[in-house]
Amino acid sequence: MKIKDAVPGTEATESTRNGSSRAQILSMPWPWYLVLVAVGLGAVYTGTLPENIFGGLAIAMIIGCGLFWIGDRTPALSAIGGGPLLCVFVPALAVYFGVVPDSFSDIVKNWFTGYGFVEILVASIIAGSILGMDRRFLIKAGGRFCAVIVVAFAVVVTIIGTIAAATGFGFKTAILDVTIPIMAGGISGGAIPLSQMYADTIGGDAQQYMSSIVPPIICANLLCILLASVYANLTRRRTKLFVGFNGHGEMLRIKATPEQVAALTDKRPLTISGLGTGLLMTGAIYLVGAMLQAAVPPVHLYAWVILLTAAIKLSGVLPQEVEESTTEWYQFVVKLWVPAALVGIGVSLIDIEQIAELASRPAYLAFTIATVLITALTAGFVGWLLKLYFVESSITAGLCMTDLGGSGDIATLGTTRRMHLLPFAQITSRLGGGLVLLSASGFLAYLYG
């Protein structure tokens with residue numbers, strides 16, 4: 001079965017009985033979609049939007065599908081990232097300027113993070129995309145990819161530290177206040193443990209350190225999405241700057257055999273029973289991952305889901321029809337829920353106020369930008385040396401190292417239309433994040449011990 005991201009939330013046109021064409025959003029003629037928009041906005045502004053998972057999902061889908069459609073079909077917007085950028089930034093700006101009531105923000109935040117929708121999304125994408133890979137390619141790409149993460153981190157810390165020391169900004173300030181927080185894997189997996197480590201070693205209150213390291217993290221996530229839109233534009237235009245630049249969603253620069261090509265291009269239509277089987281399999285993998293995390297708490301749940309799914313795939317114990325059904329479920333999730341998830345990210349995780357606060361400190365902003373750019377370029381170059389495609393390596397081992405972790409990975413990969421690479425992005429967030437935290441403890445011991 002071919003693993004390829006569908007363009008979520010849109011259909012081009014439908015021929016009507018009199019031969020004209022009408023724009024569609026999903027499979028719905030646009031006048032009917034406008035009716036849904038009116039219903040959704042009516043619920044938002046009358047304060048009757050249900051405060052539950054379905055209320056949040058419904059309004060996020062209504063907004064997300066429409067913004068995705070507009071962004072991808074407006075030439076000026078399409079050139080800078082299109083639908084995904086609109087889905088993230090229009091809701092974020094609406095919240096910042098008070099265009100929507102606070103109840104809207106609370107309901108969408110609770111739906112996306114509080115009720116665990118993001119966990120359904122991430123687990124489904126990880127399970128479906130790994131089980132849809134060719135196992136020989138999984139083996140070849142895995143080791144190379146882990147090497148890219150380690151080398152990229154070492155290079156970035158060396159370059160940023162050297163520049164900071166040479167410019168007088170300070171090695172400690174650049175590394176501990178900017179680079180390490182950005183590369184540590186987001187807020188919950190990075191900023192929170194880092195702030196506690198800083199408080200325990202340097203002294204002071206953990207909350208004080210949180211307030212100083214969160215703005216660079218939020219700003220870096222924004223930069224990752226913007227850079228992802230640049231990559232999306234380059235690859236959509238089929239720009240080929242050099243051999244091995246763009247894999248069009250493929251990670252490994254090794255040609256597939258005719259048998260592998262035949263397996264990857266085998267198309268199977270979505271079925272109700274297949275979707276049900278895929279959901280059950282994804283749920284079972286998630287539950288086993290949760291039990292393993294309970295037994296070994298330091299290892300993140302998503303890391304267990306990746307390891308477990310990869311073990312199942314490499315062992316070949318799962319019937320092919322079950323693997324394909326899990327991939328069907330993943331494709332269904334990407335098709336319908338990614339625009340809604342991007343709206344959730346915009347409302348929950350893009351804090352315009354914190355970005356504006358960092359912009360008022362030019363030196364911090366400059367090192368934030370440098371960290372993201374150097375990480376992306378280093379990961380792309382090192383991956384290219386190891387026979388990975390530059391763009392795919394730069395996105396998954398670079399941008400996904402400097403975004404917000406799980407939710408940031410969804411925004412970054414959604415913008416580049418490479419959601420099937422989420423397992424690699426999560427390896428970056430979990431393995432890379434762990435490496436960064438371990439390195440942070442070493443820096444603290446050396447600098448303050």
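Residue numbers in this text run from 1 along the chain shown.
A Cβ is built for glycine as well, from the same backbone N, Cα and C atoms used for every other residue.
TrEMBL does not curate its annotations; it predicts them automatically.
TrEMBL has this to say about the protein:
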| type | residues | note |
| --- | --- | --- |
| TRANSMEM | 30-47 | transmembrane segment |
| TRANSMEM | 53-70 | transmembrane segment |
| TRANSMEM | 77-99 | transmembrane segment |
| TRANSMEM | 111-133 | transmembrane segment |
| TRANSMEM | 145-171 | transmembrane segment |
| TRANSMEM | 213-234 | transmembrane segment |
| TRANSMEM | 275-295 | transmembrane segment |
| TRANSMEM | 332-352 | transmembrane segment |
| TRANSMEM | 364-386 | transmembrane segment |
| TRANSMEM | 427-448 | transmembrane segment |
Within the same chain, where does the transmembrane segment (53-70) have neighbours whose Cβ lies under 8 angstroms from its own Cβ atoms, ignoring anything closer than 6 residues to its ends? I mean 6 or more beyond.
7-10, 23, 25-26, 33, 36-37, 39-40, 43-44, 77, 82-84, 86-87, 90-91, 104, 107-108, 110-112, 115, 117, 336-344
Does the transmembrane segment (332-352) reach the transmembrane segment (111-133), going by 3 or more CB pairs under 8 Å (6 or more apart in sequence)?
yes
Tertiary contacts of the transmembrane segment (275-295) (same chain, 6+ residues out, Cβ under 8 Å):
119, 123-124, 127-128, 131, 301-302, 304-305, 308-309, 312, 318, 321-322, 325-330, 332
With CB pairs under 8 Å as the measure, which of the listed stretches 77-99, 111-133, 145-171 comes out on top against the transmembrane segment (213-234)?
77-99
Of the listed stretches (77-99, 111-133, 364-386), which one yields the highest count of Cβ-Cβ distances below 8 Å with the transmembrane segment (145-171)?
364-386
